[in-house]
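Colleague: Pulled these from Swiss-Prot:
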- ASP62, ARG70, ARG133, LYS163, HIS164: substrate binding site (BINDING)
- ASP174: site 'Important for catalytic activity' (SITE)
- HIS176: active site, proton donor/acceptor (ACT_SITE)
- ASP248: active site, nucleophile (ACT_SITE)
Amino acid sequence: MSSLLIDLKGKELEQEEVELLSHPLVAGLILFTRNFENREQIQELIRSVRQRVKKPLLITVDQEGGRVQRFRDGFTMLPSMQAFQETLSATEQVSFAKEAGWQMAAEMIALDIDLSFAPVLDLGHECRAIGDRSFSSDVKSAVNLATAFIDGMHQAGMASTGKHFPGHGHVLADSHLETPYDDRTKEEIFSGDLQPFQQLISQNKLDAIMPAHVIYSQCDSQPASGSKYWLKEILRKKLNFQGTIFSDDLGMKGAGVMGNFVERSKKALNAGCDLLLLCNEREGVIQVLDNLKLTENQPHFMARQARLQSLFKRRVINWNDLISDQRWRLNYQKLADIQSRWLDIQAAKND
């Protein structure tokens with residue numbers, strides 16, 4: 001049973017990484033800026049992975065836009081999600097959010113990448129880990145823009161991943177560095193932060209969801225990423241979500257309250273995650289591969305494997321064909337202009 005997504009150290013594939021990626025527990029990998037030099041190099045790295053690892057791997061990346069864009073040189077400058085609401089008219093916002101979703105997904109698919117973990121559905125801009133990655137502080141605006149972005153992704157042939165369930169936007173702490181606590185009442189969370197997830201699930205827009213490494217203290221003592229309450233009771237039963245549940249990176253400090261890397265992995269799977277991310281912790285990956293035992297006899301095995309298969313890219317796009325497409329060319333300039341305008345607005349605020 002393949003459940004783990006791991007990372008690569010550098011810009012070329014090492015033999016040890018071929019062996020790790022070939023392990024039966026490994027379902028795929030996630031690429032980072034450290035793996036990228038230019039488009040030709042990243043395409044060659046991906047080609048090497050596909051050729052040397054003799055099984056289908058889900059290749060993923062965080063190419064959200066704005067400050068979370070792992071590949072920049074030679075790619076569209078994608079706007080921060082907040083930029084749509086702050087720089088465009090109401091009609092333009094939805095139109096260009098859709099184009100951004102399409103542009104991002106088409107470029108990644110043309111590299112032979114299956115999935116970019118997007119969009120961010122967190123409300124508000126106060127959390128330093130989220131900031132302008134969020135579309136809006138307003139539920140209706142966030143849902144409208146996220147719907148358009150996802151429609152663009154789907155049109156290009158990429159599955160969507162809503163994050164960070166049930167909402168990371170109201171904590172100031174960064175879960176990369178510590179475990180944040182959200183002490184608001186269940187009613188506050190359900191009437192606000194949960195709404196983008198709930199509404200997009202009801203519209204059948206979300207193919208996958210990534211929970212937060214945040215403890216919602218009035219609801220459960222575990223981070224959402226390791227919480228049966230959030231993943232089984234709320235996400236699966238109450239919201240009737242049928243798609244894939246990814247853990248956020250189990251190497252993050254925010255996951256530390258769940259124990260060592262093997263314990264974190266077991267807790268996340270038992271809580272309801274289908275696929276686990278473990279990054280920047282090579283020894284941790286080896287520990288998990290040596291000690292995590294998953295078999296076809298375990299509950300939900302077939303459902304989890306079917307969900308994994310649903311995430312692979314749904315079409316093939318040739319890079320040269322893409323960049324000669326008029327839609328891509330128009331978007332390339334317009335989306336960069338939106339981000340430039342947004343950066344100017346931020347710079348003026350800081351002056």
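Just so it is clear, glycine is given a Cβ too, placed from its N, Cα and C backbone atoms.
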Colleague: If you count other CB atoms within 10 A of each CB, which of ASP62, ASP248 wins among these recorded positions?
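Modeller: When each Cβ's neighbours within 10 Å are tallied, ASP248 leads.
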Colleague: If one looks at the chain holding ARG70 (substrate binding site), which residues at least 6 apart in sequence have a CB under 8 angstroms from its CB?
Modeller: LEU31, PHE32, THR33, ASN35, PHE36, VAL61, ASP62, GLN63
Colleague: Near ASP248 (active site, nucleophile), which of the binding-site residues ARG133, LYS163, HIS164 can be found within 10 Å, Cα to Cα?
Modeller: LYS163, HIS164
Colleague: Please give me the CB contact count at 10 A for ARG133 (substrate binding site), counting all chains in the structure.
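Modeller: There are 25 such Cβ atoms around ARG133 (substrate binding site).
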Colleague: State the three-class DSSP label for LYS163 (substrate binding site), counting H, G and I as helix, E and B as strand, and everything else as coil.
Modeller: strand
Colleague: According to DSSP, which of helix, strand or coil covers ASP248 (active site, nucleophile)?
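Modeller: Note: ASP248 (active site, nucleophile) is in a strand by DSSP.
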Colleague: Record lists ASP62, ARG70, ARG133, LYS163, HIS164 as binding substrate; longest Cα-Cα distance in Å?
Modeller: 19
Colleague: So, in DSSP terms, is ARG133 (substrate binding site) helix, strand, or coil?
Modeller: helix
Colleague: With every protein chain in view, how many other Cβ atoms are within 10 Å of the Cβ of LYS163 (substrate binding site)?
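Modeller: Result for LYS163 (substrate binding site): 25 neighbouring Cβ atoms inside 10 Å.
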Colleague: Any same-chain residues 6+ apart from HIS164 (substrate binding site) with CB under 8 Å of its CB? Would you list them in sequence order, or say none?
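Modeller: Expected: VAL120, LEU121, ASP122, MET210, PRO211, ALA212, HIS213, VAL214, ALA224, ASP248.
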Colleague: Tell me the coarse DSSP state (helix, strand, coil) of ARG70 (substrate binding site).
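Modeller: The residue in question, ARG70 (substrate binding site), is coil (DSSP, three-state).
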